[in-house]
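A.B. asks: Take this structure, written in structure tokens, and hold onto it; I'll ask about it next.
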Amino acid sequence: MSGGDMAKPLLGHQNTERDPSIMPAAGRTIGVLGSGDFARSLAIRLVCSGFKVVVGSRNPKRKAGLFPSAAEVTFQAEAVKKTDVIFVAVFREHYSTLCDLADVLAGKILVDVSNNTEINHHKESNAEYLASLFPACTVVKGFNVVSAWTLQSGARDGNKQVPICSNNQEAKRTVAEIAQVMGFTPVDMGCMSSACEIENIPLRLLPAWKIPTFLALGLFLCFFTYNLVRQVIHPYITEQKNKFYKIPVEVVNTTLPCVAYVMLSLVYLPGVLAACSQLYYGTKYRRFPDWLDQWLQHRKQIGLLSFFCAALHAVYSLCLPMRRSHRYQLIETAVKQAVEKKMNIWVEEEVWRMEIYISVGIIALGLLSLLAITSLPSIANSLNWREFSFIQSTLGFIALVISTLHTLTYGWSRAFDENQYKFYLPPTYTLTLLVPCTIILAKVVFSLPCVRQRLLRIRRGWEKGRYVKFVLPSPTGEYSSGETSSNV
């Protein structure tokens with residue numbers, strides 16, 4: 001990174017002027033204990049954000065060249081004396097080396113930025129352990145989810161959220177102001193008991209992707225085995241033909257669209273089930289089962305995996321003519337036609353089928369690409385709710401319908417050809433049509449005026465069986481109140 005970029009603070013001068021609450025934080029002196037990679041990146045970011053930085057090191061002369069010239073590098077005791085807010089950028093096992101500074105650290109705010117190597121590696125969090133070593137200090141947990149690269153590159157190149165927690169509200173506010181000036185978004189996670197959860201955040205590997213990934217792998221294995229039996233095992237047993245060469249490309253290419261198609265349908269199936277549940281119980285306030293709730297929360301990941309499989313299918317399809325086996329088959333077909341003296345092999349129905357099949361497939365892939373792009377946080381945040389809902393819901397359903405047309409044109413009339421049922425197993429695409437067609441049929445039913453109006457009323461707060469008060473005029477001109485069921 002160039003020195004010019006590092007010299008520019010993340011927040012412009014105008015942003016600081018607009019928020020008076022963060023003005024006191026800018027320009028104050030911040031201490032950093034430690035001389036590792038994170039400590040150096042933290043010092044650089046603080047200097048570029050307009051803070052005065054004092055770095056405490058056990059070997060200040062040797063470490064001074066690693067820090068920006070604007071930062072003062074001195075002994076730990078001297079650094080602690082010059083500031084009230086100190087970032088403790090050392091490992092947990094080295095906390096005990098700071099015990100000699102207990103007297104000068106008294107009354108200071110210590111920001112613990114450490115992480116563990118394993119989830120719940122210790123019974124107590126690092127921040128709680130640090131607080132037990134220095135009871136006269138106020139400990140704040142924060143900045144542990146930010147990498148050294150993000151600190152040097154700026155918050156614009158990484159996640160801007162910085163979870164913080166502490167038992168002292170004033171200390172949390174001070175650290176939050178510092179985070180804001182540095183260009184981050186502080187997230188108050190409550191008291192110190194949340195430190196363990198915050199420390200586990202960087203250690204989790206794509207937690208929201210585990211179930212969708214296993215689902216995609218499971219579907220891939222099932223369809224791959226099914227296609228392997230039909231395309232390779234069947235001709236080998238019945239005709240003694242060796243077609244194992246189809247496994248790396250052709251069988252995989254037949255499997256990928258099946259997975260993509262079913263995964264796309266699984267994005268919209270939980271919405272159908274949720275609507276059926278609301279119609280059945282006549283309320284939107286009844287909680288969904290846990291499995292359905294988890295399913296609804298994983299729709300984004302399922303949709304992105306669907307797009308990934310569809311993109312791979314497109315690439316594999318483009319590479320089909322490049323195979324050596326395909327060239328041999330073309331030459332063999334041409335030789336047979338020459339021997340049989342067939343001059344015209346044009347089949348109008350097949351030509352139209354393939355033209356429509358490819359065209360519809362391109363449109364479906366384009367819509368899936370739009371859905372995938374708008375799922376990215378940077379794009380989704382630039383859309384209002386109506387725009388996001390239109391793309392993800394309306395265009396997503398259109399993508400499902402077009403994908404269904406793509407599958408139907410691929411199958412065409414071959415679904416009624418008994419030669420396609422190998423080992424009495426139906427073609428793969430007929431199996432993939434079950435769930436999407438059910439969803440499309442359900443959407444058609446939901447679009448009927450009587451069903452649609454009832455569903456809208458439920459989602460606006462109407463409940464079946466709820467009693468409401470009403471007022472009736474009496475013969476004397478006075479009004480009397482009564483009750484009736486809201487579903488009458």
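Placement of Cβ uses the backbone N, Cα and C atoms for every residue, glycine included.
Straight from TrEMBL, here's the annotation block:
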type	residues	note
DOMAIN	29-116	domain 'Pyrroline-5-carboxylate reductase catalytic N-terminal'
DOMAIN	259-401	domain 'Ferric oxidoreductase'
REGION	1-20	region 'Disordered'
TRANSMEM	211-229	transmembrane segment
TRANSMEM	259-281	transmembrane segment
TRANSMEM	302-323	transmembrane segment
TRANSMEM	356-376	transmembrane segment
TRANSMEM	388-409	transmembrane segment
TRANSMEM	429-451	transmembrane segment
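Explain the structural surroundings of these features, please.
C.D. replies: As a summary of secondary structure, the domain 'Ferric oxidoreductase' (259-401) carries 119 helix, 0 strand, 24 coil according to DSSP.
Residues of the same chain lying 6 or more positions beyond the ends of the transmembrane segment (388-409) and with a Cβ under 8 Å from any Cβ of it are 257, 260-261, 264-265, 267-268, 303, 353, 356-357, 360-361, 363-364, 367-368, 370-371, 374-375, 380, 429, 432-433, 436-437, 439-440, 443.
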A.B. asks: Run through the domain 'Pyrroline-5-carboxylate reductase catalytic N-terminal' (29-116) and tell me, per DSSP, how many residues are helix, strand and coil.
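C.D. replies: Here the numbers are 39 helix, 23 strand, 26 coil.
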